[in-house]
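In what follows, a structure is listed as structure tokens, so that the remarks can point back to it.
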Amino acid sequence: MSQKDIYNKYSNQSADDQQEEDDDENQESSCQLSPEKDLGESLQGEDLDEDQGVIGEDDEEQEESYDEEDEEEDDEENNQDQQNNSESNLQYDKTNQKNQQTEMTDNQNEFLAEDYLSQIKTNEKSELKYQLDIQSNLSGENVQDMDEKLKQYIELNGKNENQQAAESKKIENDEIMKKSEENVHEKVVDNNQKLNIQQNNINDYQEDIKKDQSNNLVDIQQNNEIIKEVNSEDQQQKNEMDNKQSDIVLAQEESKQSEQVEAPIVKQKKIELRPKVIYDPKNDVDQYTGDYSDSGESDEEANNEDDDEDEDDESENESRSRKNKAQLLKKKNNKKEQAKKQQVKKVYKKQTLVLNVADTKYPVVKFVGKKIFKWKLAYDMESMDFDIFWTDNAVQPEQLGRMQPYQKINHFPGMFSLARKNHLARNLMKMRKQFPDQYKFFPQTWLLPAEYNDFKNQFEKSRSQQKIFIVKPEASCQGRGIFLTRSLDDLNPSDHYVVQRYLNKPYLIDGLKFDFRLYVLLAGCDPLRIYLYYEGLTRFATEKYQEVNRDNIEDMCMHLTNYAINKDNPNFKFNKDKEKMDVGHKRSLTSVLQLLEDQGHDVNKLWKDIKRVLIKTIISAQPTLAHHYKSCQPDNFMNNMCFEILGFDIILDSHLKPWVLEVNHTPSFSTDTPLDSYIKKNTIRDSLKLMNCTCKAKNEIINQRKEIMQKRVLTGKKVKYTPEEKLEEIKKAQQKRDEYEDKHLGGFERIFPMEDDEDDNFTEYMQYALKCYEEQTGANIRRNTKKVTEDPKKITNQPKKLNQPKDLEKIYNTKIGAKLPPRKPNSQTTINKGIPGQNGQRPSSSQLNEEGETIQCEDQEQNKDEAIENAITRSASGRMHDFRIKKQNSPYNIHQKFKNKIQNRVAIGVKELKLAEEPFQFEENINGKPSNPNVKKIQAYITSEKEQLEIKNMNILQDQNYNSSRAVQAKKPQIEPQVLFVQEPQTKKLQILNQAKPPQQKLQFQLIDNTAAQMEEERRQWLIQAQRNLQYQLSQQQYQPQQKLTLLPKGPPIHPQTNVMQSIADIPNSSNSKEILAAVGGAISGQYKTDKRVTIKQKGQIQNQSINQLKDNNGLFLQPKLFEIQSFQSSQQQQAQQAIQSSLDQNLIGINQNMVGLNDLFVSGKSHKVQPHYQAQQDSYSYQKHNSYSNYYQK
């Protein structure tokens, strides 16, 4: 059944019930008239004439006419009601019920009128009472009609004599009236019951309608889905039909071409594929199901069957081929249709945002997200699948760096600069020194223990007038650890505290101290966007305020207004009604401002002062916030990934001047009172609205990122903006934010950027805050810019010099983006030029020329910025002169580059070249700093000197028969040992080394030379004593002839090789002289290997080795069995061991590079240069002790 049918059903039932009630009432009225009529006849008596009967008949006719009129009126009213009900259809509200009740009361009044008319007609003498009753029970219109009828009746009768009789029967009529009233009451009760029944029926009717509506909605949805499916199928069929027709046309064209070639005279037959057409009256469009009926006949065949009989065979073949093609197309289309049907339709859910509340403990946050915004809540701390992340803790930069551009978090990294008391005090005190009048809203503060001495002076200055200080921990909340003091003895100089002057004259309300908790929304840090919520909290102390004295200095409930401290006081009054915000010890901000205004204070001026104080406080930390934000999200032009609700604590002094006490980056959102829940819930809701946390904004950001990625894929380059383009993009983004935020402010007011900032120059404050931040972090140090001469043509005309360090410098500058001043090339010492300098003196900065031989210092020409930079570099590097070595120009990089060249040459068969420096000096250097680069510069000169010495030594060692000169000396009965462990340094080589040193190493090398000379003298004395001991032993032993050694025409002598890598501490107890001699050589080398005895290699092994491969013995060749050596006595052996061990412990062996070992120093024919070792701790070039002292010798 439809809604209309159900409604008509109930309306017809109600109309039938009303008709039945009217009939019953008419019957009752007729029953009541008969006794009244008899009563009237009895009252009239026998004196009445016959005319009265005629009059009675007229009355009956009138009554019948009245009854008919009343019935017609009732019928008309019912018809009208039905019409109204049919027009309204579904108006079954309470208004219909009230109308029905009024209709029932009208009908009751009409029924009463009919009853009284019948009574009054029988009782002609009760006219006055009848009129009174009519006026009391009928409406005004019916009374007038009845009065006219009565007048007519009285004129016809003309009898007033019966009035006396009517008065006599007044009591009887009263009884009749009571009975009629009782009957009417019963009828009213019955009508009420019927009304209740009708109301129940109406409720059932409403429920049925709701059910029908829900069923209809389901049916409509199903119908819509069916229609969509049908339309999709129709479109698929159309597409298939079009494709098939196009295939048929192509087939026909191909057949035409083939027929024209073979038999051009024969006419082609037209064959059509006629799909089964299904007529749709709604769309009136031809549709097909995919079934084809191919007759193979055309119009030409029907008209010319007799003439074209020869063409039937060819047409049949063509039709068969076309049928086959059509069947193949059908199979393909059927497969596609089946594949489409098998695909599951994706049901797209309504997009909602995800709020991560895993790191918050406040239920009000979850309520706002779940109930107000209908968001999905997430409780996984490590998950990155969220849109808004709400946390109660500080945010690290790494977390912000991992976020996507559409995600948001409720904290800024680097907010410690405002939230920590020590950082806030440091920033505000710096600003106060520069702007003393503008930043005088923060109490004077000292940071202990750094400023303990300054704070101590405050007590010495104010001995006569003792001042009160409030002491706070650096990082605490809820008033923990705060106390007041007058004495310095209460403080420990080593503890970390923030000490402030106590405001001893605050503004009081009801004798209580109070402060404001203001909620400030920081919506962006670069540029700043600050909003202030119109409502806040006012927190009162619970004890009456008095000036600080010895008795109340420890009463924190008097001096502190923190809720966590005062809520446990028995005097604390909770506000249990949010509508009464001016009651208790926690009130609303607006109620207190209204109270101040009622007291006659200028609240508008106070509110402006508070806003300026908030802006200046945030500006002091703006550079820190901007740096952290940009480093994590450099391409976020909207500046909307972070937001933070800050809790500012503001106190008023006796002059209504606002003072900043502290800033809370995680204000409490606990809802202990209805006032808390009302204010904090609205604050969170409006802040999330203001930050545009919507699906629309999220999708816009995602689409923008997709466009950027598409451009990058197409162009193959990353989209880079110039500084001007970045400023334009930022300006556009901020304008877009302004348009949205101005429409969705809610309870917030934008206080920065301000429109009327004429009084305060905020840009000047921000510039100075940036300057303070750069000085604190060292970001203001700029690199020296290139000096450009007045005539740029001179630079272009100059020939280009090939200078490897300079080219490396250019590469370094391009990598780091810095610009260094042009640097003169280092000094280059060659053999032809000789020794740099004059008369062996080291060149000074004034003697250096501009041709690239030495380094030029320009201390006098540097400006202020350059001087600062040089001072910082000197302090950082620890060097004594302004001398910088490029990283690319370091010896290590040069060594590696040369080594790579050698490897490349070896790969193509070129003879391998080896560097003189040992690899351990770079690989085992923990500090990673290179050796002295100037040693490489004098390598050629030293090599030439070594070659000359080598030739001299070779002439001494060789004779005409290529025998060793030591064999001639062995024939003598007594010979002196020719094994020398030390050779005096050559003066010429010392001059070369001293003059090749750079000027910045002057003092270091002087110290090294002095210590080396001292160590050399001690070593000489020890070795002389060792030689004497050997001579004494030789004098006591028999003589043994020396083995003959043969020398090749070129290169080192061929003889058994003795390895001298054994420590003197492990000298074996043996009578063999070669072991003792080799042990002494092992003491020089300072390195100990696994074999405790001297290893002797064979001649074949030494012949196969090249000069550069002799590294294990460092080119040191000892000839064994030159003479017989007896073993030491035990006492002498112990003394020798102790002496050598002490020299090893004191690092007296192998330190000086000028010390050369043995007479056979250059026997190997190859020079190994001495490489100094760099020590980072001393930050200078020095020679470091190593396991292998022999690596510092030139063998």
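Heads up, residue numbers simply count up from 1 along the chain you see.
Every residue gets a Cβ built from N, Cα and C, even glycine.
Just so it is clear, the model here is predicted, and its values are computed rather than measured.
Record features (Swiss-Prot):
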REGION    1-110  region 'Disordered'
COMPBIAS  17-27  compositional bias 'Acidic residues'
COMPBIAS  44-79  compositional bias 'Acidic residues'
COILED    59-103  coiled coil
COILED    144-260  coiled coil
REGION    281-343  region 'Disordered'
COMPBIAS  294-316  compositional bias 'Acidic residues'
DOMAIN    350-703  domain 'TTL'
BINDING   Gln500, Arg501, Tyr502, Leu503, Lys513, Asp515  ATP binding site
REGION    674-756  region 'c-MTBD region'
REGION    783-862  region 'Disordered'
COMPBIAS  850-860  compositional bias 'Acidic residues'
Cβ neighbours within the same chain of Arg501 (ATP binding site) - under 8 Å, at least six residues apart: Pro443, Gln444, Lys467, Ile468, Phe469, Ile470
For the region 'c-MTBD region' (674-756), the number of residues DSSP places in helix, strand and coil: 59 helix, 5 strand, 19 coil
Cβ-Cβ neighbours of Lys513 (ATP binding site) (radius 10 Å): 23
Per-region confidence, the region 'c-MTBD region' (674-756) (mean pLDDT, whole number): 91
Long-range Cβ environment of Tyr502 (ATP binding site), under 8 Å and at least 6 residues apart: Pro443, Lys467, Ile468, Phe469, Ile470, Leu484, Val548, His559
Same-chain residues at least 6 apart in sequence whose Cβ lies under 8 Å from Gln500 (ATP binding site): Ala425, Pro443, Gln444, Thr445, Trp446, Phe469, Ile470, Lys472
